[in-house]
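All remarks here apply to the structure that follows.
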Amino acid sequence: MAPPTELPARPERGSAPGFRAMGRLVAVGLLGIALALLGERLLALRNRLKASREVESIDLPNCHLIKGIEAGSEDIDILPNGLAFFSVGLKFPGLHSFAPDKPGGILMMDLKEEKPRARELRISRGFDLASFNPHGISTFIDNDDTVYLFVVNHPEFKNTVEIFKFEEAENSLLHLKTVKHELLPSVNDITAVGPAHFYATNDHYFSDPFLKYLETYLNLHWANVVYYSPNEVKVVAEGFDSANGINISPDNKYIYVADILAHEIHVLEKHPNMNLTQLKVLELDTLVDNLSIDPSSGDIWVGCHPNGQKLFVYDPNNPPSSEVLRIQNILSEKPTVTTVYANNGSVLQGSSVASVYDGKLLIGTLYHRALYCEL
């Protein structure tokens, strides 16, 4: 009987050169895929920011910078009687500030004066002025002519909506209520539709700064619009890249939403239950920020950022530019889009809003000056 054949010893798993080489190939392949995805996302983000875009200046003949606004006037709202409210001094993680240690405030300008000037409104005792960090604003006039001012506020970079009563005789604001809600994690702008009722945009789904950055980088389209009332709070529109400015048509039938990183304005129909359905989307070639409505014509005036990258990577030698668009007949098949003003940053940096009243144009900025023009 022949002796049994001795089987060769089995190599230990992973010890053979072939296994090691295969593992390295897989690792290199996965790294290459990850780098390719990161590169693609970075390129996509640059395109969304319009990082290579420059503008040719379009000047208006009768303009001057508004005295007393040195560190931003992110949003402006004008009452039918010509009183204009400015939200000033916004500070935000990752954004430049010319007055990082000064609290924000609300200024007012009477556009019916021959030489209007901006004055700061006093705010009632008990409100925390030291942490006041105002963003988007909106006014509402009740049936008894009471004027309410709604302000998106970021105290210590949190998210609240403050409701004030405007007391014209005293040039002051009486604080009525602070609104906080889990459906308002990253509020940007607001449009009031009642004395304690509003639509608000969340420019991100998350409130944490790192998760916000990741959400933007991955282009998740999780931003939304929320309706708030004392009795009901609900998401009424979603799927935005970064929902920003919001406003309502003069007939109260439509809500307009600016998607800043998608370069779009969405037209949404408002229903009796306050839900919204999308009617159309207007595509533009710039980063659209706040929206203001001319009550007489229904035209939409938009403060825009031609190059978003310059906003976040601030260089005084190459500052962010400014651009103002006027949109006529947005409900038609072919709305008319006109560039009314553009500047390379030599006069006005980072325009975020443009509002008109009786032949006068106010242009505010994210963190720079504000411009008063006679059209």
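Note: Cβ is positioned from N, Cα and C throughout, glycine not excepted.
Annotation comment: TrEMBL describes His135 as active site, proton acceptor. Counting every protein chain shown, the Cβ of His135 (active site, proton acceptor) has 24 other Cβ atoms within 10 Å.
If you look up TrEMBL, you'll see Glu74, Asp75, Ile137, Asn188, Asp189, Asn244, Asp289, Asn290 marked as Ca(2+) binding site. Sequence-distant contacts of Asn188 (Ca(2+) binding site), defined as residues of its own chain at least six apart whose C-beta falls under 8 angstroms from its C-beta, comprise His135, Gly136, Val152, Ala200, Thr201, Asn202, Asp203, Ala243, Asn244, Gly245.
In sequence order, Leu60, Asn62, Cys63, Tyr341, Lys360, Leu361, Leu362, Ile363 make up the list of same-chain residues 6 or more apart from Cys373 (disulfide bond) whose Cβ falls under 8 Å from its Cβ. What TrEMBL records for Cys63-Cys373 is disulfide bond.
Taken from TrEMBL, the feature N-linked glycosylation site applies to Asn290 (among others).
Among the features that TrEMBL reports, N-linked glycosylation site is placed at Asn344 (among others).
The transmembrane segment feature in TrEMBL is assigned to 21-43.
In sequence order, Asn244, Gly245, Ala258, Ile260, Val302, Gly303, Cys304, His305, Ser351, Ser352, Val353, Leu366 constitute the residues six or more apart from Asp289 (Ca(2+) binding site) in its chain with CB-CB distances below 8 Å. A distance of 20 Å separates the Cα atom of Asn344 (N-linked glycosylation site) from that of Asp75 (Ca(2+) binding site). Other residues of the chain with a Cβ within 8 Å of the Cβ centroid of Glu74, Asp75, Ile137, Asn188, Asp189, Asn244, Asp289, Asn290, the Ca(2+) site, are His135, Gly136, Val152, Gly245, Ser352, Val353.
When the recorded positions Asn244, Asn344 are scored by other C-beta atoms within 10 Å, Asn244 scores highest. Ranked by how many other Cβ atoms sit within 10 Å of their Cβ, the recorded positions Cys63, Ile137, Asp189, Asn290 place Cys63 at the bottom.
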